[in-house]
Amino acid sequence: MESGVGGNSNERHGVFKDDSWFSQFRNGSNPWMARYVYALIFLVSNLLAWAVRDYGRNTFPEMEKLKNCQGGRGCLGAEGVLRVSLGCFAFYFVMFLSTAGTKRKYNCRDSWHSGWWSAKIGLWIALTVTSFLVPTFIIQIYGEIAHFGAGIFLLVQLVSVISFITWLNDCCQSDKNAERCHIHVMLLATAAYVICIVGIIMMYIWYAPKPSCLLNIFFITWTLVLLQLMTSVSLHPKVNSGFLSPGLMGLYVVFICWCAIRSEPAGESCNRKAEASNKTDWLTIISFVVALLAMVIATFSTGIDSQCFQIRKKEAPAEDAVAYGYGFFHFVFATGAMYFAMLLIGWNTHHTIKKWTIDVGWTSTWVRIVNEWLAVCVYLWMLVAPVILRCGRTSEPA
C-alpha cells in the first residue's frame with residue numbers, strides 16, 4: 001500500500017516537472033511561483049492604502065456614505081490606511097494559521113498555499129471590504145497593535161540582514177574559499193568602507209550645514225563611532241571576523257541613519273533635502289515609488305529566510321520537504337502589513353501626511369535611529385557570544 005502511494009507521488013512529481021511553469025502554477029504545484037503572487041497581493045494592498053490616503057476623496061467618494069466613515073474622516077486618510085492594512089493583515093494571518101508547520105509537499109496544506117487562487121483572492125477582497133465596515137474604535141485598537149507588529153517586522157528583517165552578512169563572511173573565510181576569495185573580499189570590504197565614509201561626509205554636508213544642528217550631528221557622529229566599534233570588535237584576536245562583515249554592516253547602519261534623518265519633517269532648517277521635497281516633482285514621485293517597491297522586496301526576501309531563525313542544527317532536507325517555511329513566510333507578510341501602515345501614516349495615527357511622501361515625521365526618525373542602534377547591538381552580540389560561551393565552558397571545573 002505504501003509503495004503504491006509513493007509511486008503515485010513520484011509519478012505526479014514527474015508530471016509536474018515536465019509541465020510548463022504556467023501549468024504548475026495553475027495546478028497549485030509551484031510554491032516558488034506562489035510567493036510572487038503573494039508579493040503582488042501585498043503590493044496591491046500598499047497601492048490601495050496609498051490611494052485611500054492621498055486620493056481617497058476623489059477616487060472613492062462612495063466611502064463617505066458608509067456608516068463608519070463619518071463623512072470620510074473614518075475611512076480616508078490615516079484611518080483609511082489602517083483599514084486597508086487590517087484587511088491585508090487578516091488575510092496573511094489566516095494564511096499563517098492555515099499553513100504553519102507544513103513540512104511535506106503534496107498534501108492539502110501545501111496545495112492551499114500554492115493553489116486555490118480564486119478562493120484566496122476572494123478571501124483577500126472580502127477581508128479588505130470588511131475592514132471598512134468595522135467600527136472606528138476597532139481600527140484605533142488595531143493602530144496601537146500595529147506599532148508592535150511593525151516593530152516585530154523590523155526586528156525580523158534586522159536578524160535576516162545580519163544573518164546574511166555573517167553567512168557571507170563565514171563562507172568567504174572558510175578553508176575551501178579563503179584563498180580563492182581573498183582578493184574579492186578585500187575589494188568588497190574596501191568599497192564598503194569607502195561608501196560608508198563618503199555617505200557620512202555627504203550627510204554632514206546635507207543635514208548638518210550649521211553648528212546648531214546638534215541632533216543631526218549627534219546621529220551622524222554616533223554612526224561613525226558605531227562603525228569604528230564594529231570594526232574594532234570584529235578585528236579583535238579572539239573574534240577575528242575580518243573586515244568584510246563590519247564593512248557590510250557599516251553600509252547597513254549608514255543607510256538606516258540616512259533614512260532616519262530624511263524622515264525628519266519638512267520645515268527643519270537642518271534638513272535641506274526636506275525643504276526641497278516640499279514641492280511634488282518627479283524626483284519626489286520616483287523616491288516614493290522606490291521606497292514602496294523596496295518595502296515590498298524587503299518583505300518578500302525576509303519571508304523566505306526562515307533558516308536564520310532555526311536554533312537546532314540544520315539537517316539535510318527530505319526529498320518531499322517544502323521549499324521554504326510557509327507559516328513564517330505569511331507571518332512576515334502579516335507583520336509587513338502593519339509596517340507599511342506605519343510608514344504611510346508616519347507611525348502616528350493622528351499625523352497628517354503630505355501626498356507622495358512616506359515615513360515622514362519625528363516618530364519615524366526615532367524609530368529608524370533606535371533600529372540602527374539595535375542592529376549594532378545584535379551584530380556585536382553575534383560576534384562576542386561564541387567567545388563568551390567558549391570562555392564559560394573552559395572555566396567550568398572538570
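Every residue gets a Cβ built from N, Cα and C, even glycine.
Taken from TrEMBL, the feature transmembrane segment covers 36-55 (among others).
Per TrEMBL, the feature transmembrane segment maps to 76-97 (among others).
Residues annotated as transmembrane segment in TrEMBL: 117-138 (among others).
Summarising the annotation, TrEMBL assigns transmembrane segment to 145-165 (among others).
Taken from TrEMBL, the feature transmembrane segment covers 185-206 (among others).
As annotated by TrEMBL, transmembrane segment applies to 213-231 (among others). Panel annotation: around the transmembrane segment (213-231), residues 196, 200, 203-204, 207, 243, 246-247, 249-250, 253-254, 257, 260-261, 264, 269-271, 369, 372-373, 376, 379-380 of the same chain, lying at least six beyond its termini, place a Cβ under 8 Å from a Cβ of the stretch.
Summarising the annotation, TrEMBL assigns transmembrane segment to 243-261 (among others).
Residues or ranges marked as transmembrane segment by TrEMBL: 282-304 (among others).
Annotation source TrEMBL lists transmembrane segment at 324-348 (among others).
Residues or ranges marked as transmembrane segment in TrEMBL: 369-389 (among others). Long-range neighbours of the transmembrane segment (369-389) within the same chain, counting only residues 6 or more positions beyond its ends whose Cβ lies under 8 Å from a Cβ of the stretch, are 154-155, 158-159, 161-162, 165-166, 219, 223, 226, 229-230, 233-234, 238-239, 241, 245, 249, 252-253, 256-257, 260.
Here the listed stretches are 185-206, 243-261, 324-348, and the one with the most C-beta pairs under 8 angstroms to the transmembrane segment (76-97) is 324-348. Tertiary neighbourhood of the transmembrane segment (185-206): same-chain residues 172, 216-217, 220, 223-224, 227, 242-244, 247-248, 250-251, 254-255, 257-258, 261, 272-273, selected by CB-CB distance under 8 Å and a gap of 6+ residues from either end.
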